[in-house]
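Taken from TrEMBL as is:
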COMPBIAS  1-32  compositional bias 'Basic residues'
REGION    1-94  region 'Disordered'
DOMAIN    14-86  domain 'Guanine nucleotide-binding protein-like 3 N-terminal'
COMPBIAS  69-94  compositional bias 'Basic and acidic residues'
């Protein structure tokens, strides 16, 4: 099907461009203000801070991280053992 008329350009005037430059920050400011008001009213929850772990300036950082890694590794090893035992027990029953 042939086109009936030419596509219009998306180019805007300087006035429109400047108007947008002025309105965008206002809209963002308004949205931030609304979020703040809802948080203060208790309607929404504030974003929880994520756990950063052990900071680099902590004097016994290396010891702590090694202990936690070895503890995690030991738990993982024990879990695998339990799974293997359960699987073998299941095979022996049949």
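Heads up, the Cβ atoms here are built off N, Cα and C, so glycines get one too.
As a summary of secondary structure, the compositional bias 'Basic and acidic residues' (69-94) carries 25 helix, 0 strand, 1 coil according to DSSP.
Confidence across the domain 'Guanine nucleotide-binding protein-like 3 N-terminal' (14-86), taken as the mean pLDDT and rounded to a whole number, stands at 82. Shown for the compositional bias 'Basic residues' (1-32): DSSP residue counts in helix, strand and coil, namely 19 helix, 0 strand, 13 coil.
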